[in-house]
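K.L.:
Quick one: this structure, given as structure tokens, is what I'll be asking you about.
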């Protein structure tokens, strides 16, 4: 193993790179493997990180950048960290550190949702940089699922584009109620009237998707100018205005701390010498070090214990709903787990294969299907961090479901997954979002339904 390989391995565990307990064992093991002069610096970095404890002294809010590919979402994320780092509110993350997968750097696009943290004077933020490329909408759905609000990035020289619409639609479907707009690349446009037209288009689009288009804060600027320290009006000051708007327009959500904990697993990592880490955003409840838990879904029912919790490299004794965290789990290998599982308090919830739901079928104009569908139509359901093939079972009196209709019908999943009353989901067919819904009831499977052939 090379020094670079070891560093890559450690960077691949963004929530859990340096647990205090057992770090000596980890570092000694790496020293024996590498015998490289560069390692002591790595060791010192890990040792320092291991001592940090997350202090909950401000309200915590989850936000994210959404928008069309190459409109500057990642550049803006980097610029925010740079500006806040000057006052001690963040650690500066370069563009390359946010787009950290080799394929992303090679293609110049964000594929997986990336997470950074920062603090304003009023709040602590976990910021998700959501992928904008059309091929990676599945990852974008996972990225936006836990967001309390979004920053929609639109390039002034392009205006709203296809993924601008799709991201707004998906954000609306999964319950993101507050959006702030950043019109980026204003330095590339000489005509101020063009910028005004772009702003008008954006406000109309927001209204079309059910947001308050006239009230939504729209900030014009250049993330690249902010990042490079040029043109303070378009650069530094625009990002400061954006952060003020996020602080004031996106409310601190009410967190459900009373119910048993529920953590949808976004990713799974292996930390050498320590064990396996699952990451995600705690949907509800309180998760503490030492808690017993179950991991459910995808035909799995695994019982284990949480032996450590971190948020952005800082240790936590307890995590609260809304926290973006990594949890070390006892006695499990990375290959035992996968994204889409849900970590819960033992016995608090069980997977279901059949639900009743209220579903809005998107019209052709909204990017949905052009034609109606019949019973046993098979889209893919997306909810929390999982996706699963399902069958739509229309009521006996309903022969066809038409685009634009709001219907109640049953859904049967290929495998039981975590579903409960009030849970939101999205239905997709190929690369098209066809519907959005809410679970109204969980149902028992009939013998006939248990024998359905899925092919």
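The count begins at 1 with the first shown residue.
A Cβ is built for glycine as well, from the same backbone N, Cα and C atoms used for every other residue.
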K.L.:
Run through 73, 91, 333 and tell me the one Swiss-Prot describes as N6-acetyllysine.
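P.N.:
In Swiss-Prot, 91 carries the N6-acetyllysine label; others show none in the record.
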K.L.:
Hey, which of 51, 82, 138 does Swiss-Prot call N6-acetyllysine?
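P.N.:
With Swiss-Prot as the source, N6-acetyllysine is noted for 82.
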K.L.:
I'm validating the feature mapping. Which of 184-187, 188-191, 192-195, 196-199 is tagged region 'G4' in Swiss-Prot?
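P.N.:
My reading of Swiss-Prot: the region 'G4' range is 184-187.
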K.L.:
In Swiss-Prot, which of the ranges 103-107, 108-112, 113-117, 118-122 has the region 'G2' annotation?
P.N.:
108-112
K.L.:
According to Swiss-Prot, which residue among 58, 259 is annotated as N6-acetyllysine?
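P.N.:
The candidate carrying the N6-acetyllysine note in Swiss-Prot is 259.
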K.L.:
Which one of these stretches, 43-50, 59-66, 67-74, shows up in Swiss-Prot as region 'G1'?
P.N.:
67-74
K.L.:
For the record in Swiss-Prot, which of the ranges 97-100, 125-128, 129-132, 133-136 is the region 'G3' one?
P.N.:
129-132
K.L.:
Check the DSSP secondary structure of residue 70 (GTP binding site), expressed as helix, strand or coil.
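P.N.:
SS state of residue 70 (GTP binding site) = coil.
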K.L.:
For the region 'G4' (184-187), jot down how many residues DSSP puts in helix, in strand and in coil.
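P.N.:
Result for the region 'G4' (184-187), in helix, strand, coil order: 2 helix, 1 strand, 1 coil.
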K.L.:
Could you pull the average pLDDT for the region 'G1' (67-74)?
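P.N.:
Mean model confidence (pLDDT) across the region 'G1' (67-74) is 86.
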K.L.:
Give the distance between the Cα atoms of residue 91 (N6-succinyllysine) and residue 75 (GTP binding site), rounded to the nearest whole Å.
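P.N.:
With the alpha carbons as reference points, the distance is 15 Å.
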K.L.:
When the Cα-Cα distance from residue 281 (phosphothreonine) is computed for each of the binding-site residues 70, 75, 187, which gives the smallest value?
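P.N.:
With Cα distances computed to residue 281 (phosphothreonine), the winner among 70, 75, 187 is 75.
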K.L.:
Round to a whole number and give the Cα-to-Cα distance in Å for the pair residue 223 (GTP binding site) and residue 289 (N6-succinyllysine).
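P.N.:
If we compare the Cα positions of residue 223 (GTP binding site) and residue 289 (N6-succinyllysine), the gap is 39 Å.
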